[in-house]
Each structure stands twice: as structure tokens, then as C-alpha cells.
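Undergrad: Dropping the structure in here first, questions after.
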Amino acid sequence: MSKQTFTTTFAGKPLVVEVGQVAKQANGATVVRYGESTVLTAAVMSKKMSTGDFFPLQVNYEEKMYAAGKFPGGWMKREGRPSTDATLTARLIDRPIRPMFAEGFRNEVQVINTVLSYDEDASAPMAAMLGSSLALSISDIPFNGPIAGVQVAYVEGEFIINPDKAQQEASLLELTVAGTKDAINMVESGAKELPEAIMLEALLVGHKAIQELIAFQEEIVAAVGKEKAEVELLQVAADLQAEIIETYNADLQQAVQVEEKKAREAATEAVKEQVMAAYEERYAEDEEHDRIMRDVAEILEQMEHAEVRRLITEDKVRPDGRRVDEIRPLAAEIDFLPRVHGSGLFTRGQTQALSVLTLAPMGDTQIIDGLEPEYKKRFLHHYNFPQYSVGETGRYGAAGRREIGHGALGERALAQVLPSLEEFPYAIRLVAEVLESNGSSSQASICAGTLALMAGGVPIKAPVAGIAMGLISDGTNYTVLTDIQGLEDHFGDMDFKVAGTRQGITALQMDIKIEGITPQILEEALAQAKKARFEILDLIEATIAEPRPELAPTAPKIDTIKIDVDKIKVVIGKGGETIDKIIAETGVKIDIDEEGNVSIYSSDQDAINRAKEIIASLVREAKVGEVYHAKVVRIEKFGAFVNLFDKTDALVHISEIAWSRTANVSDVLEIGEEVDVKVIKVDDKGRIDASMKALVPRPPKPEKSEAKKEGKHD
């Protein structure tokens, strides 16, 4: 196929899609140019079905530093593992694409997005999402798209689609929404305590823009799309399915209704083992043994799936016996750990998270060097999910995509209420350790994080709580669930996480397994989540009503002073010699910003005071009218040089020593003598003149004799 180009304008920027010129051996490939951002997307599919019990979809978002005209960092000077932002963007693209493949599709699919040029005012992630949908849609891969995504900002009461950098910085909302022509199927958002009504409106505005992009894609697919390949779907034998349901469904139904998680798992596992053993014995010698046993396992999974959904939609009974809008039992505790700067333990049913706070000097902030200009990240929220939290063994090591994503969600939720740098000049790190999990662990980490921040004395604007909402839908009827547990998440249609304060929402995240949900469901889920959020906030506020007025004794104390910008080099010294000497002498940490704000950190207040005195003396300037107790350091014929303080000397001219005439300076002063002087002049070169006589009254002039007076009259 020769190169074909499709052009439109979207959100005020040119949008160009090129097909047929590059990556022609992939099943589908596109180059998307949005503004001056350029993204190459290639989609490929394996020829055979994988043997696993899940759909092996891999979406990558690769940031090439040359795209922003930058050299990679590190001694190797080449791109390495994906950045956190790249990982989050890959997840952002994966989530709306995954539901658009048929049930039972098991061929491996890879969608690789490579950022070739980067324009910070034209969203490369949204170009990559468009390219991913298009590459799949024009290929022979059986993808039931297209989908599209947009970013939505909220500035001065107006919604803006795909905002530029300045608009993003002014926005009260950072929303990414994706979906099909008919419905929304993915949401990711941070917000500055916005009400549910505005969030819902933002979603609808975003979906309207999505429909424009889908119409554009449909034109391209009609022009260059390939016929979809015929692939084998994982399907079970109907007669085998009917037999197992008839024989074992009653036993499995009973097991599913056991309320406690571990007991329920044991009961369902016992039924499954019984069935597997029976069919293993029957088909041990059959040449189709492996396929049959795979089918048996899949049928049992489908039976459990169907029963959980039936109980909720028909009987309005959840696996643990709760009402559809009922939260599991809650517990909260602060100061779980000694020595740390703050800690909070939050428990919701069988989900438990411990959050630990660490405060540090601003010099410890994380430096982010990606495609955007380098910047410092003050707040970090890390989420760890050890396998023991679900009673299993498993992999341990670096954080995976899921842990990075859950950590970022908590970070967005809590960042909205943090004090400004001027109010609280610390770098802040929260680490959420999931100790037990039966669903909604990311939201438990947000609640635990609030407890840790308040216990640690961080003056947050308001406490934040999070809740996960679920959905069971048969296409006609649906049920929205509050505080979903693991089984409801696994077998349900939606995982909709909502975090916020009493004033409004600070973060949203939604993933669904169906092709989309309606505005009505979104509205109902947001309203139900608000009720649950307030219930959790009641518990948090009962545990700790407001942030503590003092930091933990182990937290670094801080003091700040302001110096003139031209004095920064004086404090730092040649090659950092002066500041290193201060740090070595006092044991403090010192940060100096470009505006002359000096922050001094230590757990020892005396050390802070000493460092502050040293810095103050280094930048101290003599001022006209001020009096100093000085020491004579040099004597010349024309006057004496005196040291006012540190390395600051002044000249006391011979005429300024006394009101009477001084013949020789050395007759009056000697080196090492201490005298009081008053500064009378500082010239534009910083040279200082001082006076001794200005500190004593001027003696009266002697009166003239009467004789002279009389003579004068004559």
C-alpha cells in the first residue's frame, strides 16, 4: 500500500494520520502527527492462540529522548527502562483497548507506540491512544473498535479539550477520558475538590469530543482498513458444559455464598478440585485430555462468574451478605509505628493498608528528566502489594505496572490537599504497604495516607477518603455496588474508584470489562460513592480531627531566611566550599533556591540556629546610620580601617576620629583596639565610611572675648 494521508483539525490543532509508508510488516501501523508531536504506532498479532487463561495484550509507550532534542541521562546515554510517566501512559492506552476484543480471544497482541517528536502543547499520549486504536482498526487483527481518548481541563468555568501547557497549569481538573462512539470505557483524573456535577459534565464533554475522533477514524478505516482475520476463540464444548452445570452447579452456588473470604475460597476450591478430579479420572487416557481439562477449568470459572452476578442482580445479595450500598466494617489507627515521621493504619473488611510518612529537605526531591523540561517532584506516593496480602506466594522485586498505577492514583488524590511549598517547605513521601487485600486496596492506601499525613503534622487542607464502586450489568438491568471486594471486582463489569474530601472529588479512575457505560450509571455511581466517602471521612475525623500542630520529634526541623540573590554565591562559595564548611560544622542540610530562599534542616534546633547565624553573618551588609562595635585592623596616615563584622571593613577617615584636629592617627588609635563607629556612607562599589566622632556630641565653640566684640563694634 502506498502512503496515504488523512488530515483534520482537532481542538484547535492540526491532526494528520499517515498510513502505508513505515512499519509495513506490522499487521497495522500509523504515524499520527498532532501539533508538532509525532507518534509511530505498530500493532502485531501472533498467528496461534496462546495456552494461557487470559488475553495476552501488551501496550508500550516508548519515549525517545531525541523527540525533545535531549540526551538521555546516565553514563550509558541511551534509553533504558520506561519512566513512570511512560508506564502510566501505556496503562492509559491499554485500559480502553482491552475490553474491545472478543471474549475468548487468546492470540498475543502487541501495540507499540514510539514518540518520535514531542510538543508539550500537543498531547503525545492522546496521539498515541488514537494511533493505537487506528493501527488495530486498519489491521486484520479482530479488534472491535475504534476507541479514542481526550484530555479535559477546567479553567475559569470552561472545559478545554486537549489543553496546552499553560492551560493545564491553570486548570482545576486533569482528566483523561476514553470510550467508543456510544459510551465511556475509561477514566483517569485528578481534580481540585470539584463537585460530582462538574466531574460528570466534564466526562460528557470529553465523550462528545471522542465521537469526533471516532468519526475521523471510521473514514480512515473505510479507506484503508484490511479484512479481519479469522481466529480461533477459546470456547468450551456445549455438552460438557451442560453436564457439569447439571451435576455440580448447586454445590458451587452454596460455596459462593460463604461470607468470609478465605472460607469461601476454600469451599469453592473444594468443589472445583472435586470436579477436576472426576474428569481427570474419566479422561486420563483420552487424546483430547489437555483440551478437555482446560474446558472443565473454564466452565467452572464461568459457573462461579454467573452465580456471583445472578446473586447480585436477581437476589440483591452480595457474596459476603452486604447490601449493594453497604461498606465493609471500618477501622482506623494512627501512630502504628514509633520513630517514623507519621503512620496510619486503615482497615476496610479484609483489606488493610499501612501508610508511612517521611519528610525531607527539598534537596531530596525527585528530579524528573523526561521529554518535558527537567523538574523537581516534591510529593511521592508509593504503593506496595506483597503477595502475602492475599495469602499467596509470588514474585518480589521492582514495582510492576499495577503498583505504579495504584501509587499514582493515590498521589493524585492526596496531592490536591497538600500545603504549598511556602506553607510547608518539605519534600513528602508516603509509602502504602498493603498488608491484607480483598479488593479496593488502592483506596485503602489513600485513607491510610490521610491518617499518616495528619498524624505527622502535615497541614493538609482537608482529609481525603477513597472508595471503589462496582457494576453488574446484563445489558438491560444493572446494579451499582459500593465498596467492591475481590470477587466482585473479578467477576463484575466495572471498577470505578472515587477519592475526595467533603468539598469534592480529588481523583477518579474507571476501568470496565464491557464496551462502555451510560451517563446514568456514572451519575448513580458518583452519588453512591459520595455517600460512602462521607461515611469513611466520619471515621477518619473521629480518629484524628485535624493535623497535629507539631511535627514528630524525629522529623527534620526547618528554618528559613531570605537573602539577596547576589549573595547566593557568597553563601555557596567557590566550588561549594563555604556551604560545605557550614554543613560540616553544624550537621544541617541546606537548600538555596534561585530566589534566595535559604532552607535549613536538622532534627537539632541548636544546629539550625548556629547555621542561620553563620549565613546571616556572611550576607550581612553595613547600613548607613547603624552603629557597630568594631576593631582597628590597619592604620594609615589618612585614617584607620576597622572591622565591622566578619570580612566587612570600613574606613574611619582621620577627620572622623574626633571633633578636634587629629595630627596623627597612631596617636589616638592602635591596632587591635575596639571602638564604636557609625556608618556614614556606602558608595556604589560597596566601600564603607564610618565615623567615631558622630557618636559623641559636638563640643560647643569657645565664646569670643568681650574686647574683641567691642573692637568689632568700633
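Glycine is treated like the rest: Cβ placed from N, Cα and C.
As listed in Swiss-Prot for this protein:
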BINDING   D489, D495  Mg(2+) binding site
DOMAIN    556-615  domain 'KH'
DOMAIN    625-693  domain 'S1 motif'
REGION    691-714  region 'Disordered'
COMPBIAS  700-714  compositional bias 'Basic and acidic residues'
Undergrad: What is the three-state DSSP composition of the domain 'S1 motif' (625-693), stated as helix, strand and coil residue counts?
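TA: Secondary-structure composition of the domain 'S1 motif' (625-693): 8 helix, 36 strand, 25 coil.
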Undergrad: What is the total of other Cβ atoms whose distance to the Cβ of D495 (Mg(2+) binding site) is within 10 Å?
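TA: Its Cβ shell of radius 10 Å holds 21 other Cβ atoms.
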Undergrad: Specify the count of other C-beta atoms within 10 Å of the C-beta of D489 (Mg(2+) binding site).
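TA: If we count other Cβ atoms within 10 Å of D489 (Mg(2+) binding site), we arrive at 18.
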Undergrad: Need one number: mean pLDDT over the domain 'S1 motif' (625-693).
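TA: Reported value for the domain 'S1 motif' (625-693) is a mean pLDDT of 93.
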Undergrad: Which of the three DSSP-derived classes (helix, strand, coil) applies to D489 (Mg(2+) binding site)?
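TA: The three-state answer is helix.
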Undergrad: According to DSSP, which of helix, strand or coil covers D495 (Mg(2+) binding site)?
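TA: DSSP assigns D495 (Mg(2+) binding site) to strand.
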